[in-house]
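Asker: Take a look at what TrEMBL says about it:
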- A:45-192: domain 'HhH-GPD' (DOMAIN)
- A:C194, A:C201, A:C204, A:C210: [4Fe-4S] cluster binding site (BINDING)
Amino acid sequence: MTEKERISRIVEILREAKKEWAVPVVTLMGQMGTDPFKILVATVLSLRTKDEVTAEAARRLFQVADTPEKLLKLSEEEIASLIYPVGFYNRKAKNLKEIARILVEHYGGQVPSDLEELLKLPGVGRKTANLVVTQGFKKPGICVDTHVHRIMNRLGFVKTKTPEETEFALREKLPKEFWIEINDLLVALGQHICRPISPKCSQCPIEHLCKKVGVKRSR
DNA sequence: AAAACGGGGGC
DNA sequence: GCCCCAGTTTT
């Protein structure tokens with residue numbers, strides 16, 4: 001079996017398996033719709049925060065401000081109280097206000113669709129920027145979070161030390177037809193089965209296709 | 001009581 | 001490359 005055949009099998013199986021998993025992140029993104037601004041804001045809110053908490057905070061914030069212009073009118077304190085209790089709520093409130101200001105002043109109130117432009121925004125790194133590119137604009141991109149990084153290495157599909165390296169390796173190795181959906185599939189797998197510690201390999205639908213590189217178990 | 005969680009940024 | 005960040009959940 002070639003690498004391309006293997007990853008194709010993996011994607012097929014995960015597409016099926018995902019249907020059985022009630023994945024909060026899918027629910028979250030579904031609620032956010034495809035508006036790039038909402039995806040951007042919700043993704044910023046989601047960092048180090050549970051999806052249910054993120055969804056609730058996003059709902060409250062969007063009720064008051066669902067555009068950069070409206071968001072800019074709120075004070076940092078108001079934003080912070082609306083998004084509480086997501087992690088780093090003070091820092092995120094500050095960043096969101098600054099993001100709103102930049103969007104209004106430099107991008108005509110629109111979210112840029114270009115990765116490099118997105119990366120200039122405060123609190124926006126490669127994970128967030130690529131999620132906006134792939135989910136907000138449906139443009140080619142690979143959103144590598146720790147799930148994607150961890151699982152791609154466990155599978156033996158890449159051998160990388162950082163999520164950024166993984167992104168670049170996947171740009172070379174992963175068939176382009178899978179770029180946009182790979183994050184969603186592996187996040188689902190990561191949350192249900194392929195956890196950082198003590199993954200439930202015996203329940204994993206792709207165990208037979210996995211090299212189990214560096215799997216750790218707690219003592 | 002401690003570890004786990006986990007992206008971005010500062011150094 | 002290393003380490004900090006906030007607060008809740010899991011072990």
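The backbone N, Cα and C atoms fix where each Cβ goes, glycine too.
Tell me about the setting of these features in this model.
Answerer: Taken together, the residues in the domain 'HhH-GPD' (A:45-192) have a mean pLDDT of 93 on the 0 to 100 scale.
DSSP gives A:C204 ([4Fe-4S] cluster binding site) a coil state; it is part of no helix or strand.
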Asker: For the domain 'HhH-GPD' (A:45-192), what does DSSP give as the number of helix, strand and coil residues?
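Answerer: Taking the domain 'HhH-GPD' (A:45-192) as a whole: 101 helix, 0 strand, 47 coil.
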Asker: When you tally the Cβ atoms that lie within 10 Å of each candidate's Cβ, which of the binding-site residues (A:C194, A:C201, A:C204, A:C210) has the highest tally?
Answerer: A:C194
Asker: Suppose the [4Fe-4S] cluster site is A:C194, A:C201, A:C204, A:C210. Which further residues of the same chain have a Cβ inside 8 angstroms of that site's Cβ centroid?
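Answerer: The answer, listed by sequence position, is A:R154, A:L189, A:I193, A:P199, A:K200, A:I206, A:E207, A:K212, A:V215.
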